[in-house]
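**Q** According to TrEMBL, the protein has these features:
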type: DOMAIN; residues: 44-293; note: domain 'G-protein coupled receptors family 1 profile'
type: TRANSMEM; residues: 28-53; note: transmembrane segment
type: TRANSMEM; residues: 65-90; note: transmembrane segment
type: TRANSMEM; residues: 102-123; note: transmembrane segment
type: TRANSMEM; residues: 143-166; note: transmembrane segment
type: TRANSMEM; residues: 203-228; note: transmembrane segment
type: TRANSMEM; residues: 240-264; note: transmembrane segment
type: TRANSMEM; residues: 276-295; note: transmembrane segment
Amino acid sequence: MVNLSWENQSSVVEFVLRGFSSTRQLNIFLFMMFLLFYILTVSGNILIVLLVLFNHHLHTPMYFFLGNLSFLEIWYTSNIVPKMLLIIIAKQKTISVAGCLTQFYFFGSLAATECLLLAVMSYDRYLAICQPLRYPMLMTGHLCIGLAASSWLCCFLLTAITMALLSRLTFCGPNEIDHFFCDFTPLVHLSCMDTSLTETISYATSSAVTLIPFFLITASYSCILAAILRIPSGTGRQKAFSTCSSHLTMVTVFYGTLIATYLVPSANSSRLWHKGSSLLYTILTPMFNPIIYSLRNRDIHEALKKCFSQKPGFLR
């Protein structure tokens, strides 16, 4: 968005996040509900991280990547929800430009890292099911660490490019963001400079870190499905599918919410719809991930039983 008179305007030093509602009764309800979701999300993911760290039965590649994902979800939701709760209950709707850009940087970096981690987890399941005899030799500890570290580093560096371009923009007003956090699109629309380069590069990098992992996940599960269908016994097929059903559910939920939020044509999507769909991947998806992995996972069940049946110092 370009405004030719931007040089005569004063720069904005803070933004106003409008949040959800101005009705106090509704705000109290939303605050209690989101606070509960936040507590469940953080406690559930911390429990997964602790189980993976201290229970030696979970020292496998699949749970190593799950621990990374749960660690990510803790920071992912903590980057957004505490400020959102302040907006709702304390009406502290302002956020500095630097604070807004920082929130977007961590949001974008962590969301992109989740895409790559989900792709890495699908590759792990592909090797476990399609190459079972060679799996221990292929998915070594060094490879696991390298894949996880590369996912984190790559996404934080890529998002830094968009962050650098955003930090060079001038914001002259209005300064209201009709959202509950600093997302890219409402942020660039407040700039009074030409944002075409920033939007193009951001679109290219975000497409790379979402679509490429999605295609890798699709390819992995195509091979997995073909391998499962070749198993002669129904029990064998069920056992093989059960090892990847939780991950497949997580991928479906995560990418489904991203598609609902960002691929719905803007002309047909309301601001309320955008906020609602954003809640799915910023709050609900991080909360559901530990639940999804715990419901039908025998290893997690055994680790939890051991955790709660022994005295302190149990996680050995």
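Sequential numbering from 1, following the chain as shown.
The backbone N, Cα and C atoms fix where each Cβ goes, and this holds for glycine too.
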**Q** Considering only the recorded stretches 28-53, 102-123, 143-166, 203-228, 240-264, state which has the highest number of Cβ pairs under 8 Å to the transmembrane segment (65-90).
**A** 28-53
**Q** So if I exclude everything within five residues of the ends of the transmembrane segment (240-264), which remaining residues of that chain have a CB under 8 angstroms from its CBs? That is, six or more out.
**A** 62, 114-115, 118, 121-122, 125, 128-129, 210, 214, 217, 221, 224, 227-228, 231, 273-274, 277-278, 280-281, 284-285, 288-289, 292-293, 295-297
**Q** May I ask which of the stretches 102-123, 143-166, 203-228, 276-295 has the most CB pairs under 8 A with the transmembrane segment (28-53)?
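**A** Of the candidates 102-123, 143-166, 203-228, 276-295, 276-295 scores highest.
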**Q** Determine which recorded stretch among 102-123, 143-166, 276-295 has the most C-beta pairs below 8 angstroms with the transmembrane segment (203-228).
**A** 102-123
**Q** For the domain 'G-protein coupled receptors family 1 profile' (44-293), what's the model's average pLDDT?
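**A** Across the residues of the domain 'G-protein coupled receptors family 1 profile' (44-293) the model's pLDDT averages 88 on the 0 to 100 scale.
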**Q** Six or more residues out from either end of the transmembrane segment (102-123), which same-chain residues have a Cβ under 8 Å from its Cβ atoms?
**A** 62, 65-66, 68-69, 72-73, 75-76, 79-80, 83, 95, 147-148, 150-152, 154-156, 158-160, 162-163, 166, 181-184, 187, 206, 209-210, 212-214, 216-217, 220-221, 244, 247, 250-251, 254, 281-282
